[in-house]
Amino acid sequence: MVDLTETFDVLVAGGGNAALCAAITARRAGATVLLAEHAPKAMRGGNSRHTRNVRALHHGPTGVLTDSYLEEEYWDDLKRVTAGKTNEALARMCIRASEHAPGFLESCGVVFQPSLSGTLSLSRTNAFFLGGGKALVNALYRTAEALGIVILYDTEVQHIEMKDGFATEAVVSHRGFPAKIRFKAFVASAGGFQANREWLRKYWGDAADNFQIRGTPYAQGRILKDLLGQGVQEVGDPTQFHAVANDARAPMEDGGLAMRLDCVPFSVVVNRDVERFYDEGEDVWPKRYAIWGRLIAQQPGQVAFAINDSQAQLDYLPPVFAPYRADSIAELAAQIGLDAVKLEKVVADYNAAVQPGTFSAQTLDDCRTEGLAPPKSHWARRIDTPPYYCHPLRPGITFTFLSVKVNERARVMMADGSPSANMFASGEIMSGNILGQGYLAGFGMAIGTVFGRIAGEEAAKLVRN
Amino acid sequence: MATESETVAEARRQMEICNACRYCEGYCAVFPAMTMRRAFTEGDLTHLANLCHGCKGCYHACQYAPPHPFGINIPVTFAELRNETYAQHAWPAPMGALFARNGTVVSLLAALGVALVLVLTVALQDPAVLWSAQRGAGAFFRVIPHWLMISLGVLTFGYALFAMAMGARSYWRATGSPAGAFAPAPTAEAAVDIVTMRNLGGGGHGCNDLDEGFSMRRRWLHQALFGGFMLCFAATCTGTIYHYVFGWKSPHAFFSLPVQFGTWGGVLMMIGAAGLAHVKIITDPVPVARKLAGGEFAMLALLFLIAATGLLLLAVRHTGAMGVMLAIHLGLVFAFFVVMPYSKMVHGVYRGLALLRNAKEKRGAAPAASAA
């Protein structure tokens with residue numbers, strides 16, 4: 001049994017990559033560390049369990065990264081996706097430090113692999129974990145155990161007692177029992193609030209009931225709310241989240257990456273009222289997949305339907321759930337409960353607007369519509385070769401943007417502008433400092449690793465002095 | 001076509017989820033082979049299941065493993081599907097039923113083999129020969145006549161080879177008989193895969209033999225068992241050449257080739273069989289097909305006993321215990337040959353064919369459509 005009357009040097013709340021990087025770094029620096037993970041052991045690791053790679057700056061080819069990826073390009077990529085909603089100093093510091101993220105993770109037993117199929121476009125910028133995020137999480141926990149970090153599963157940190165920005169003890173629920181944990185420094189790495197439907201309802205009303213949570217159901221935002229309610233400064237738009245187009249039949253929580261659908265550029269997409277609402281072929285899918293979750297969230301009933309035909313079937317990754325399939329558009333409409341006459345008209349109008357072109361699935365081709373609103377700018381092919389297919393879509397939320405404000409040493413900032421005496425943060429709970437909107441594949445893991453290491457280092461430095 | 005089994009349907013459900021995820025592509029040959037397909041026929045699933053070496057890397061890395069509701073557990077599902085393959089392609093067909101309670105079958109046959117050889121020895125020879133020390137050239141044949149030993153060996157081993165060849169033929173047809181698989185390049189690649197057990201390397205750092213940590217333990221133990229088995233086979237071959245070509249009769253001197261091959265082969269087999277059984281006992285039980293454990297433990301025990309009795313025979317061959325030990329050893333060996341086509345041993349045949357087919361496919365097919 002763990003002796004909870006002991007005062008630990010560092011308490012880390014959370015159990016994903018950011019928490020583990022902080023805990024391991026603090027322990028290596030000589031601190032005694034307790035890591036409190038809300039999930040049971042089998043479901044440990046937060047959203048890191050569903051990740052696959054980390055975006056890392058590099059000056060030349062490494063074992064798993066090709067070519068080079070330098071600060072200015074990384075920064076440009078970030079500036080583009082966030083539309084400037086970022087903190088340049090923090091972002092550049094994170095980008096520079098990301099160079100050492102793969103090496104640090106390797107020192108913790110994480111194995112990287114060359115990218116093989118499905119994601120070739122990322123092998124230059126992102127280092128892939130062999131086996132994916134759960135394998136990474138397994139390696140980090142093994143390292144943490146070997147270092148003597150005390151790990152408590154099924155343990156939710158619910159409240160931090162603090163006075164003038166100085167945290168003293170944590171109120172936790174440990175395997176269903178109330179307990180208190182005393183510490184000298186606190187690292188908050190407990191994620192965002194995307195799995196907290198009540199909280200989402202505050203901004204989205206009943207629509208929140210139709211959002212699928214792609215990742216861990218344990219991202220309840222309890223610590224985030226607790227800190228913000230006690231004078232910690234907030235950053236990031238509380239109403240916003242990152243979301244992708246998921247299969248409407250996916251589980252409401254924890255469906256992970258395999259629920260996303262890549263069929264949009266090769267389909268026409270209509271809402272419940274059988275109306276198209278956005279240019280399906282605006283850009284290549286890696287640059288557009290992240291906006292479709294929001295687009296669908298804004299449709300009536302938070303649902304949409306991607307319609308295509310037999311010509312498109314090999315152009316996107318195979319889905320987990322078989323699409324609806326019929327020999328006519330009317331029959332397809334009947335299967336999915338849409339107005340058959342309206343759907344036939346949408347497809348007929350679209351077909352009539354398709355211009356001749358040379359189709360190319362992986363590049364911006366010249367297949368487009370003329371005189372259609374909204375247009376389809378690329379990959380517009382007539383939908384006329386049965387059988388016809390439909391993939392139903394819902395928004396799948398990845399993470400929320402609301403965060404606690406931190407400085408470049410990962411120290412939590414109070415609303416009055418002063419740094420907290422002994423609180424630090426890493427991971428999704430603070431990613432809104434850098435990611436004000438949008439997303440770059442593998443950047444969440446970069447933020448988690450970089451700020452986790454800084455938080456662990458600073459917390460250990462504080463308590464060892 | 002008969003209706004598909006529940007295992008086939010379950011394997012398809014899991015592969016369809018895996019094919020949309022693909023995080024495991026770096027582990028072994030199964031996942032790159034999976035990405036070459038969009039739909040999975042029963043033949044495809046049989047092929048993938050037999051390509052799987054049961055290393056459990058994919059289970060421990062799986063975001064959809066139990067208790068996740070998707071309950072992805074490829075090592076168990078594929079092990080059960082392999083067992084169905086073994087039953088389905090057994091020759092003659094009714095013998096496929098022996099895979100249902102394989103532990104009992106292997107154990108009973110081993111006991112029967114020993115009993116039969118003991119009874120035959122006593123019936124055909126003077127019973128006293130079992131207990132008296134025999135020395136000099138041809139000592140073994142004074143216990144069991146040479147003609148009987150040879151005919152039992154040729155009959156049982158020949159039967160095993162024939163039955164397994166028929167199984168291989170049936171399997172190859174059922175999984176689609178890819179043309180050109182026997183060309184030099186794929187054949188060489190498959191041979192290297194078999195000899196090095198590359199797919200038990202987990203992408204270079206080992207497999208999840210026991211838990212989520214990586215090790216090469218199972219790979220080395222299997223190499224010991226396989227290498228030891230081949231050394232024992234070499235011992236038999238050299239012994240046969242000595243007998244028929246040079247007219248040198250056993251028992252041979254300790255430093256002769258047959259005895260050296262047999263001794264070190266036996267030691268390796270014992271280490272391999274005992275080690276693999278030990279791994280099976282202490283490993284995380286969730287990614288292990290429990291209903292197959294009986295047959296697997298029985299086969300490991302049989303291999304261990306064959307090696308152990310062989311070494312004991314060497315130790316006691318100049319004493320009065322030689323007769324009984326020889327009868328027990330040969331009884332186990334003959335039982336092993338008879339049960340071989342209806343035991344875990346056929347995994348080598350189907351795994352080899354799956355590796356061959358995979359080596360061929362890698363040279364032909366382009367990967368399926370992909371996006372980030």
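Note: Cβ is positioned from N, Cα and C throughout, glycine not excepted.
In TrEMBL, annotation is done automatically, which means it is predicted and not curated.
Per TrEMBL, the feature transmembrane segment maps to B:105-124 (among others).
Look at TrEMBL and you will find B:144-165 (among others) tagged as transmembrane segment.
Under the heading transmembrane segment, TrEMBL lists B:224-245 (among others). Sequence-distant contacts of the transmembrane segment (B:224-245), counting only residues of its own chain at least 6 positions beyond either end whose CB sits under 8 Å from a CB of the stretch, comprise 252, 256-262, 264-273, 275-276, 303, 307, 310.
Cβ atoms under 8 Å from those of the transmembrane segment (B:257-277) belong to residues 217-218, 221-236, 238-239, 242, 250-251, 297, 300-301, 303-304, 306-308, 310-311, 314 of the same chain, restricted to positions at least 6 beyond its ends. Per TrEMBL, transmembrane segment is recorded for B:257-277 (among others).
The transmembrane segment feature in TrEMBL is assigned to B:297-316 (among others). Counting only same-chain residues 6+ beyond the ends of the transmembrane segment (B:297-316), those with a CB under 8 A from a CB of the stretch are 102-107, 110, 225, 228-229, 232, 254, 259, 262-263, 265-267, 269-270, 272-274, 276-277, 280, 322, 325-326, 328-329, 332-333, 335-336, 339, 343-345.
Taken from TrEMBL, the feature transmembrane segment covers B:322-342 (among others).
With a cut-off of 8 Å between Cβ atoms, the residues of this chain six or more beyond the transmembrane segment (B:105-124) that come close are 98, 130, 143-145, 148, 152, 295, 298-299, 301-302, 305, 323-324, 327-328, 330-336, 338-339, 342-343.
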